[in-house]
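S.K.: Have a look at this one before I ask anything.
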Amino acid sequence: MLPTTSVNSRSQGNGALSPRDAARHTAGAKRYKYLRRLFHFRQMDFEFALWQMLYLFTSPQRVYRNFHYRKQTKDQWARDDPAFLVLLSIWLCVSTVGFGFVLDMGFFETIKLLLWVVFIDCVGVGLLIATLMWFISNKYLVKQQNRDYDVEWGYAFDVHLNAFYPLLVILHFIQLFFINYVIISDSVIGYFVGNTLWLIAIGYYIYVTFLGYSALPFLKNTAILLYPFALLALLYLISLLCGWNFTKMLCSFYKYRVK
């Protein structure tokens with residue numbers, strides 16, 4: 001079915017992988033192939049990556065269905081094409097420059113903010129979350145009777161990227177049009193609009209992450225990945241009652257970073 005690593009796949013008659021196949025399917029070989037394509041733009045399928053970005057908003061289940069097709073055709077669970085990562089990086093850079101413009105930052109301040117957002121917020125936090133989810137899913141969610149299968153780290157990172165993209169668009173693009181005129185104003189409507197966008201963005205992240213792991217038939221109890229929704233809803237209500245403005249806090253944090 002969907003993303004696993006099976007010790008019985010592509011086996012010889014005696015049930016063991018041939019040395020050649022084993023070398024081709026190691027994590028190192030897949031990583032080398034992925035990184036090599038990162039420097040060959042003509043080999044990337046940007047049209048398909050754009051299709052995935054569109055359907056992450058309208059029908060994220062279809063995106064995860066593609067991972068099943070990739071396994072059938074390429075024996076590869078995680079993406080072997082870095083086009084999605086490249087487009088996501090472009091989105092991140094453009095939206096961060098937009099944030100710098102909206103917050104009236106100078107050129108060097110904007111560049112510093114961009115470096116922080118790309119290498120810390122996106123790459124650093126992404127690697128941490130992917131590793132944590134990879135560990136948790138393999139240790140606690142894999143069915144006992146399917147110990148021959150495990151979740152690949154590359155797939156866990158892809159799930160994070162899939163979930164991060166809608167969050168990025170909502171908080172770093174859509175929100176830009178409301179920051180100066182609505183959100184950071186000292187009014188009820190300001191923190192209501194801003195916090196509601198945060199609720200939608202983080203809710204999207206949780207839901208798309210849940211879809212990514214629930215798509216794997218060898219995992220159990222994936223519904224627990226939806227439990228953070230309860231905490232998110234509670235925090236949202238408390239923020240409205242207390243007048244917390246998450247976007248205003250984010251803007252202050254960004255300005256503090258670049259000092």
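Note that Cβ sites are derived from N, Cα and C of the backbone, with glycine treated the same way.
Below are the features I grabbed from TrEMBL:
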COMPBIAS  1-15  compositional bias 'Polar residues'
REGION    1-24  region 'Disordered'
TRANSMEM  83-102  transmembrane segment
TRANSMEM  114-136  transmembrane segment
TRANSMEM  163-184  transmembrane segment
TRANSMEM  196-219  transmembrane segment
TRANSMEM  225-247  transmembrane segment
S.K.: Counting only residues 6 or more past its boundaries, what in the same chain has a CB within less than 8 Å of a CB in the transmembrane segment (225-247)?
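M.R.: Long-range Cβ neighbours of the transmembrane segment (225-247): 175, 179, 183-184, 188, 190-192, 194-199, 202-203, 206-207, 209-210, 213-214.
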S.K.: Can you tell me which recorded stretch out of 114-136, 163-184, 196-219 has the most Cβ pairs within less than 8 Å of the transmembrane segment (83-102)?
M.R.: 163-184
S.K.: Sequence-remote contacts (6 or more beyond its ends) of the transmembrane segment (163-184), Cβ cut-off under 8 Å?
M.R.: 53, 56-57, 88, 91-92, 95-96, 98-99, 102-103, 122, 126, 190-191, 193-194, 197-198, 200-202, 204-206, 208-209, 212, 245, 247-248, 250-251
S.K.: Counting only residues 6 or more past its boundaries, what in the same chain has a CB within less than 8 Å of a CB in the transmembrane segment (114-136)?
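M.R.: Result: 89, 92-93, 96-97, 100, 151-153, 156-157, 159-161, 164, 209, 213, 257-258.
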